[in-house]
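A.B. asks: Here's a structure for you.
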Amino acid sequence: MESANAEMEDRTVLSEETPRAALEDRDLLRRLLAEVSVIRKENQKLKSQVTNLTTKTRRQLFEKSKDKDPECSNAARKVCKELTKGEGQEEDQENQLNFDLSVSFNSPENKTMARRVLKEVRSVYGKDKWTKAVIKSAVHQYWKSLRDDRTRKTNKKFEEHRSQMKQQNRLKRKLSRRLSSLEKAILSDNDKEKAREIFCSPNAIDFMSSEESDNDDPASSRGPKPRKVRKLVWEKSKLKNLKAKLDEAYLEGLSEKQRRASARLTRTEEPSVRPCPTNGPRWAIRTE
């Protein structure tokens, strides 16, 4: 009789504890699911912030106007030179340019020239590459740069300013190409985060290697002049490899005609005099 009572007591205790344990498990599961939901929302928020930062950085680099694109500006400049350069002519400003810099850009003769350039840019790079508004803006900007160059030449500051602007624009275009290739390149998520850390930073241009005209390489009479790229002594191999993969992804997206119009680059072991960027990540630069 006593053993039967003890067994009944054990069953009573078990039946009371079992629902309590189930409730505790459900509460734990509910808390875990809530934490997972919070983590997912934080990840989505972080991803959105990275995307916004990339867009904001590119917009700040190349001004806020939606009608300005560094790649389009470069294309318009190349086309202008090809259209106005005759066989056997020397590459000087007076012979190769047919824009009239003494009158408004909206003058009939300059409008005619602008239409020729727009048509040729769309022929070479495709009609879907840029809108007409973006191309027109690039042509107008090029005309203004020619007009300003003429003024600076008079003030004997032309060559110095021209060299500085060429180098700065090359760096901007290079950064723009690498940013646009980030999603197309075959990179791990970790490598993409490292690339964004560099190329979305406020001083991203400081990490770009500059390109100089190669005077030792005989240039052909037509087409872009070759350039050489000096070695950045402070650059680690990880950053160098990331740049190479992004550049490869960009080139794969070009047509054969666009590749021929691109400048040929020669990488040398000559050290660059450019200083090491400040506050760069340890994986990217040598600080010693």
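Here the Cβ of each residue, glycine as well, is placed from N, Cα and C on the backbone.
Annotations for this protein, taken from TrEMBL, read as follows:
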COILED    29-56  coiled coil
COILED    158-185  coiled coil
COMPBIAS  8-21  compositional bias 'Basic and acidic residues'
REGION    1-21  region 'Disordered'
REGION    207-229  region 'Disordered'
REGION    253-288  region 'Disordered'
A.B. asks: For the region 'Disordered' (253-288), could you work out the same-chain residues 6 or more beyond its ends whose Cβ comes under 8 Å from its Cβ atoms?
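C.D. replies: Residues 78, 124-126, 181, 184, 194, 197-198, 203, 206-207, 209-211, 214, 217, 223-236, 238-239.
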A.B. asks: In the region 'Disordered' (253-288), how many residues does DSSP put in helix, strand and coil?
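C.D. replies: Going through the region 'Disordered' (253-288) residue by residue, I get 6 helix, 8 strand, 22 coil.
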A.B. asks: Given a Cβ distance threshold of under 8 angstroms, which distant residues of the chain, six or more beyond its ends, lie next to the coiled coil (158-185)?
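C.D. replies: For the coiled coil (158-185), the far contacts come to 54, 57-58, 61-62, 70-71, 73-74, 145, 149, 152, 192, 195-196, 199-200, 204-205, 208, 210-212, 243, 245-250, 252-253.
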A.B. asks: Pop the mean pLDDT for the coiled coil (158-185) in here, whole number is fine.
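C.D. replies: Reported value for the coiled coil (158-185) is a mean pLDDT of 85.
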